[in-house]
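S.K.: Sharing a structure below in structure tokens format, with a few things to ask.
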Amino acid sequence: MSRKQLALFEPVLLVQALTDAVKKLSPRAQWRNPVMFVVWAGSVLATLLTLAMVTGQIAGSALFTGVISLWLWFTVLFANFAEALAEGRSKAQANSLKGVKKTAFARRLRAPRHDAQADNVPAAELRKGDIVLVKAGDIIPCDGEVIEGGASVDESAITGESAPVIRESGGDFASVTGGRAVEAAGDVDVLLLDKTGTITLGNRQASDFIPARGVDERTLADAAQLASLADETPEGRSIVILAKQRFNLRERDVQSLHATFVPFTAQSRMSGINIDNRMIRKGSVDAIRRHVESNGGHFPADVEQNVENVARLGATPLVVVEGARVLGVIALKDIVKGGIKERFAQLRKMGIKTVMITGDNRLTAAAIAAEAGVDDFLAEATPEAKLALIRQYQAEGRLVAMTGDGTNDAPALAQADVAVAMNSGTQAAKEAGNMVDLDSNPTKLIEVVHIGKQMLMTRGSLTTFSIANDVAKYFAIIPAAFAATYPQLNALNVMGLHSPNSAILSAVIFNALIIIFLIPLALKGVSYKPLSASAMLRRNLWIYGLGGLVVPFIGIKVIDVLLTLLDLA
């Protein structure tokens with residue numbers, strides 16, 4: 001199902017919003033908004049006064065009072081319309097999905113087997129516990145859990161993302177789990193970004209074997225391949241493939257070798273294999289050094305130099321060891337994403353500090369950080385180091401945002417002010433974060449910050465305009481309205497409004513019309529450009545502060561001239 005993009009003023013939504021705006025004129029609906037309730041009460045009072053003047057019960061200009069009451073009602077109606085239109089736009093997508101459910105049919109299985117007999121039933125009749133079979137080209141009939149199989153699913157109607165995503169057994173997804181998460185993102189001034197997949201393409205590949213002195217390259221490649229046989233990461237598979245390409249070392253099966261695979265952990269930071277009496281490990285430099293020294297060995301100086309050379313080129317060095325003997329270095333090469341440096345420059349203009357988080361050593365991290373243009377980096381990062389770094393920034397009064405996908409990221413995600421967990425990550429990470437990226441794209445954190453900034457800018461701009469607008473309105477109408485009582489105020493009547501009645505009526509009409517003109521701005525949002533806080537403040541004050549002062553003077557004067565020409569005041 002494709003996602004229908006809503007126009008700013010969809011005809012169907014406009015009609016519904018007008019209907020809802022009239023319904024909201026009831027006292028019960030108005031009571032929920034104290035400010036508009038005061039205007040509503042004034043409208044009722046002005047209407048009663050108009051009726052009293054028409055019937056001759058009290059003296060006064062029924063025309064003037066009637067026009068005032070009419071525009072007060074318009075003010076309430078326009079405010080209701082703006083609220084109803086915003087609500088209608090947010091509900092439109094959900095209603096379209098409900099419409100799909102009413103017309104969609106599902107294959108409900110009679111038994112929990114994919115080959116069981118199925119009944120075609122309307123999606124609306126599905127209940128909790130039903131098992132549904134979905135085939136290629138089908139609409140997903142309802143929300144549920146995938147218990148068997150997998151598929152590429154178009155979720156654009158829900159997420160707005162056009163690219164299909166993989167949904168399979170054991171997967172799950174959520175969206176924003178913390179209500180103020182996006183708003184908080186607008187105040188973020190430190191971004192912690194994982195190197196792999198965010199700053200780099202995330203497909204590190206083994207590019208070279210660099211043996212230690214006295215070790216031939218084939219011996220190193222053989223040991224590296226054995227240590228990677230059960231390693232299902234892209235890096236591990238690339239090591240196996242490189243050894244096969246270079247030395248025709250065929251891939252072997254761990255079980256047939258009667259070997260024990262030692263998986264990677266965030267604490268050990270190495271993996272490997274135990275086979276016969278051989279104990280082979282590959283991992284980060286510091287982890288292998290500790291391993292060698294704990295087994296009574298010595299870390300060779302030539303390997304240290306090779307590690308440094310690999311790191312200076314921006315590649316990641318992995319060291320291979322058998323027992324306490326260091327065999328050499330594997331170089332893993334990744335590529336920095338195109339355009340990422342420019343994006344970091346924009347964030348810097350906004351006053352946001354970017355910090356790259358990586359398990360690489362300091363030399364590799366420094367090389368990639370310089371290439372990518374980040375402000376700082378945390379090398380050889382452990383879960384404890386990430387958590388400590390976040391707490392350090394928060395102690396300095398900063399708001400921190402980060403991404404993560406693993407169980408070891410959960411403590412840091414829980415500590416961060418804005419935490420975006422990857423949908424492809426573990427359940428612990430998703431529960432710790434206050435947002436989940438359905439597309440598992442860590443770069444989305446930058447987009448979240450942009451959206452948060454735009455929300456804050458829109459709110460601030462409208463508030464600035466509103467305050468300046470009110471100041472200008474009162475400065476414009478008070479001298480004219482009270483000049484007869486206090487002649488000294490004529491000196492402040494710089495606009496030369498025709499009469500006190502004209503001044504009041506012009507202000508009331510302008511107040512109603514400005515609501516309509518501000519609706520597109522409120523719905524679409526203020527256009528956002530990466531600027532520093534001071535530059536952004538100056539820009540808003542010039543556009544919305546000065547604009548809020550100038551627009552009422554011009555608008556009220558134009559309305560005053562029209563009222564005078566029409567002899568309505």
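Placed from the backbone N, Cα and C atoms, the Cβ positions cover glycine too.
For reference, Swiss-Prot lists these features for the protein:
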type     : residues                                                                               : note
ACT_SITE : Asp194                                                                                 : active site, 4-aspartylphosphate intermediate
BINDING  : Asp231, Glu235, Phe264, Thr265, Ala266, Gln267, Ser268, Arg269, Met270, Ser271, Lys282 : ATP binding site
BINDING  : Asp405, Asp409                                                                         : Mg(2+) binding site
TRANSMEM : 34-54                                                                                  : transmembrane segment
TRANSMEM : 58-78                                                                                  : transmembrane segment
TRANSMEM : 475-495                                                                                : transmembrane segment
TRANSMEM : 503-523                                                                                : transmembrane segment
TRANSMEM : 543-563                                                                                : transmembrane segment
S.K.: In sequence order, which residues at least six apart in the same chain have a CB under 8 Å from the CB of Asp231 (ATP binding site)?
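M.R.: Sequence-distant Cβ neighbours: Arg237, Ile239, Val240, Phe261, Phe264, Ser271.
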S.K.: Run the contact check on the transmembrane segment (503-523) against the transmembrane segment (58-78): 3 or more C-beta pairs under 8 Å, excluding pairs closer than 6 in sequence.
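M.R.: Stretch pair touches.
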S.K.: Which of these binding-site residues has the least crowded Cβ, counting other Cβ atoms within 10 Å: Ala266, Met270?
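M.R.: Each of the binding-site residues Ala266, Met270 was scored; lowest Cβ tally within 10 Å is Ala266.
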S.K.: How many Å lie between the Cα of Lys282 (ATP binding site) and the Cα of Asp405 (Mg(2+) binding site)?
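M.R.: Cα to Cα, Lys282 (ATP binding site) and Asp405 (Mg(2+) binding site) are separated by 23 Å.
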S.K.: Below 8 angstroms Cβ to Cβ, which residues of this chain, lying six or more residues outside the transmembrane segment (475-495), approach it?
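M.R.: Result: 502-504, 506-507, 552-553, 556-557, 560.
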S.K.: With every protein chain in view, how many other Cβ atoms are within 10 Å of the Cβ of Phe264 (ATP binding site)?
M.R.: 18
S.K.: Does DSSP give the residue listed as 'active site, 4-aspartylphosphate intermediate' helix, strand or coil?
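M.R.: It is in a strand.
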S.K.: If you measure Ser268 (ATP binding site) to Asp409 (Mg(2+) binding site) at Cα, how many Å is it?
M.R.: 16
S.K.: Please give the greatest C-alpha separation between any two of the ATP-binding residues Asp231, Glu235, Phe264, Thr265, Ala266, Gln267, Ser268, Arg269, Met270, Ser271, Lys282, in angstrom, as a whole number.
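M.R.: So the maximum pairwise Cα distance among the ATP binders is 19 Å.
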S.K.: Would you count the other C-beta atoms found within 10 angstroms of the C-beta of Asp405 (Mg(2+) binding site) for me?
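M.R.: 22, counting other Cβ atoms within 10 Å of Asp405 (Mg(2+) binding site).
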S.K.: Expressed to the nearest Å, what is the distance separating Asp194 (active site, 4-aspartylphosphate intermediate) and Asp409 (Mg(2+) binding site) at their Cα atoms?
M.R.: 11
